[in-house]
2 protein chains.
Amino acid sequence: MERNVRLSPQDKEQMLSYFEAEVMQVLNWLAAFSPDEEGGITRLLYTDGWLETQQALAVKMASYGLSTSFDNVGNLFGKLQGEDMDAPSIITGSHIDTVVQGGMYDGAYGIAAGLLALDYLHKHYGKPKRTLELVSLCEEEGSRFPMAYWGSGSIVGKRNFEQIVHLQDSYEVFFADAMQRCGFGEGTARDSRRHDIGAFIEVHIEQGAVLEKEGIAIGVVDTIAGQRRLKFEVVGESNHAGTTPMHMRRDALEGVSMMIQTLRQETIRIGSPLVATVGRLQVQPNVPNVVPGKVIFTVDARHADEAALDCFCRWVLGAFASIAADRQLELHGTEWFREEPVPMNERLKQQLDAVCGELSISSKRMISGAGHDAQMFEHICPTAMLFVPSRRGISHSPEEYTEPSELAVGVLVLTELLYRLGYEGEEL
Amino acid sequence: MERNVRLSPQDKEQMLSYFEAEVMQVLNWLAAFSPDEEGGITRLLYTDGWLETQQALAVKMASYGLSTSFDNVGNLFGKLQGEDMDAPSIITGSHIDTVVQGGMYDGAYGIAAGLLALDYLHKHYGKPKRTLELVSLCEEEGSRFPMAYWGSGSIVGKRNFEQIVHLQDSYEVFFADAMQRCGFGEGTARDSRRHDIGAFIEVHIEQGAVLEKEGIAIGVVDTIAGQRRLKFEVVGESNHAGTTPMHMRRDALEGVSMMIQTLRQETIRIGSPLVATVGRLQVQPNVPNVVPGKVIFTVDARHADEAALDCFCRWVLGAFASIAADRQLELHGTEWFREEPVPMNERLKQQLDAVCGELSISSKRMISGAGHDAQMFEHICPTAMLFVPSRRGISHSPEEYTEPSELAVGVLVLTELLYRLGYEGEEL
């Protein structure tokens, strides 16, 4: 059943108040699983709390009229079958896992939004032309085992069982054993790899403060930024803080403080969307009356453009080497993490821009500085991502918060895009 | 028995080769007590190893013809009685305790040097006019209990039993119990407080690299530097390293790196003997992909002049406050340790200069950036201190090292000064 006209302002307001109430109900219901005694939610991959949540979600999806299934890594799908049996599915969703003491929006909001959107469309317009699916991905954060994007990566073929053979959590539990304990693993259900996805749309909180500060309702993600993580070890000489004149010192911390200053100046000079952060730093021997002999620290650099990021990282290595040489400090630098920028699908971005424009919802194109499941899906299908504001940019914390009315806007935009893709049969 | 003439170059060379062999024998003998399984020597106050060392030293002192006695805190004295029973004693010595995994020179060298000097003088010149004493002070480092200078402080009246009532070591052993276990404490022996000291001379390794780098044999300590230790807490805001644009950050570590740079520039501008060190620094949450929300760090500042040190510390507080304000960071600063500079006795310094000059031994006046027992004695009597080179300035480490020939020069200068004070009756 197709609509004859675009949504009226009255429709829009009705939908917003409906979604505002419903989305909080779903989010509060989800947040009640896996509470952390210290506050917030800790729902790590393949834990009891994780399994309970995923199983409860399957029941809930079914009660919303979706036909549910798990794949063999524990991704949960809820399907709204379309008329065209051969057309690839339009999938929306996000991840169910959290960081340790995480909040109730990161990941969960994308699942709640998808559930409400599919339910609304089903109730109002019946069977879609193209199959619509909601996915509750098993894992994204990399918080239990040292691997992220296990759920989406398994679907797109970037993750497989060979990669997890040696992985253990911090209690030395093997990945495969934890998975098996929850009933998943090779041969337990259908293979996670899919070749029948027509598009993936993810709704997420921004996890930054840009939308809030600029008073904008929706961020249409232009590109998911590329990342480099570098680790540096700077070696000078530990000396007595009282007996070593300033000119005889090889103070590793002084050298590193100059590196941090230089890094910041160059990052600001190059400008947005480049960001660079020294987040972890350890001093040795770290005693008040000893000149630091060694400092180990990390640099996290992100940019939407791969070449610009490479160029910046080369500059970092050269600039740090020069600062170290000036001070007779040894410098060892290694890159231990790299992710290339992933531009979102241009046509879908334009469709999102159009939806926001037609519904008079403020929006802007923006870079996602954080990584998301969407960057995995973009390898196999047109993918889009949209953000709603995060209060004070806080995430990965029990203080994570977005106003219910802001959450509702995201659900509305998702619903409208899914309508156009699933019911109007807009081109992908 | 008085000498008729100054030492000849032949006398000097003979004494140096004698002391070179002897000092290593005494130091190696001492180093065999309280070895640390991880390397070096760990001889903490009132431990079994400490007691064994002090008792063995008493036997050794007696074998060198000194009459020995302990006071009630465990300081060990070896006396060479002078002809004048009423004249105050000339005392030399240092401390027996070490830091955890310390070296074999810090403290021990001052005791070995005194032992050889008194033995040499006794053998060659018999009974002195003034009484000469060697002291093996029970404690200086503050490595077991949170109090330093227990030995010398008890002698000069700056430490007493009331101050230690609540002190415990890291195993929660009370100071008084540990002391009692070794047979010391109130009423166990004569009171540690003394009023009959005419001068105190301490020989020590430099613990810095100035003498080595400048190729000078003896450092005549001009002043023991004053110290201030400040602790700062800088609070910004923890944020996602990917989603927080540079201009929205309140990065505590970036602010602190600017403070460290500014501190260094001003310290160098003011110049020697000022030194300032950021030795301890901790970042929160200290995660590679999170902008640091809080940094705690220390500043250790030292100078020979109290007013200059005060002025510098006021500048530090002001400069850091301004850097914090520019970045909307909170700053909390507290002083948690303060020691005033202690100038050594001018007449004794001149006598040391003269001894070095006459014996053609290179020497320079210098500031001691480290604290020493001598700063305690200067409260009650003319006090002097002399340094020999430390290889690469290393101390408080098993790698602590001074050439035997350099150690011998220190013993020679001490012997000659004690001769002039004890036998020639030079004025104090």
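Keep in mind that glycine also has a Cβ here, set from the backbone N, Cα and C atoms.
In the three-state DSSP scheme, B:Asp106 (Zn(2+) 1 binding site) falls into the coil class. What TrEMBL lists as Zn(2+) 1 binding site is B:His95, B:Asp106, B:His204.
Under a cutoff of 8 A between CB atoms, and with a sequence separation of 6+ in the same chain, the neighbours of B:His396 (Zn(2+) 2 binding site) are B:Val99, B:Gly102, B:Gly103, B:Asp106, B:Gln207. Following the DSSP three-state reduction, the secondary structure of B:His396 (Zn(2+) 2 binding site) is coil. If you look up TrEMBL, you'll see B:Asp106, B:Glu141, B:His396 marked as Zn(2+) 2 binding site.
Sequence-distant neighbours of B:Arg229 (allantoate binding site) (same chain, six or more apart, CB under 8 Å from its CB) are B:Thr298, B:Val299, B:Asp300, B:Ala301, B:Glu335, B:Trp336, B:Phe337, B:Arg338, listed in sequence order. According to TrEMBL, the allantoate binding site annotation covers B:Arg229, B:Asn289, B:Arg302.
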Item to check | Residue from B:Glu141, B:Asn289, B:Arg302 whose C-alpha is spatially nearest that of B:His95 (Zn(2+) 1 binding site), among the binding-site residues | outcome: B:Glu141
Next on the checklist: Suppose we draw a 10 Å sphere around the Cβ of B:Asn289 (allantoate binding site). How many other Cβ atoms does it contain, all chains included?
Outcome noted: 20
Next on the checklist: If I take the alpha carbons of B:Arg302 (allantoate binding site) and B:Glu141 (Zn(2+) 2 binding site), what is the distance between them in whole Å?
Outcome noted: 18
Checklist outcome for this item: Residues among the binding-site residues B:Asp106, B:Glu141, B:Arg229, B:Arg302 lying close to chain A by Cβ (under 8 Å) are B:Arg229, B:Arg302
Checklist outcome for this item: Integer Å value for the Cα distance linking B:Glu141 (Zn(2+) 2 binding site) with B:Asn289 (allantoate binding site) is 40
Checklist entry - Looking at Cβ-Cβ distances, which residues of the chain lie under 8 angstroms from B:His204 (Zn(2+) 1 binding site) while being 6 or more apart from it? => result B:Ser94, B:Asp106, B:Gly107, B:Tyr109, B:Gly110, B:His372, B:Met385, B:Leu386, B:Phe387, B:Val388
Next on the checklist: Test of understanding: give the count of other CB atoms lying within 10 angstroms of the CB of B:Glu141 (Zn(2+) 2 binding site).
Outcome noted: 21
Item to check | Zn(2+) 2 site, defined by B:Asp106, B:Glu141, B:His396: further same-chain residues with Cβ within 8 Å of the Cβ centre | outcome: B:Thr98, B:Val99, B:Gly102, B:Gly103, B:Gly107, B:Glu140, B:Ser143, B:Gln207, B:Ser395
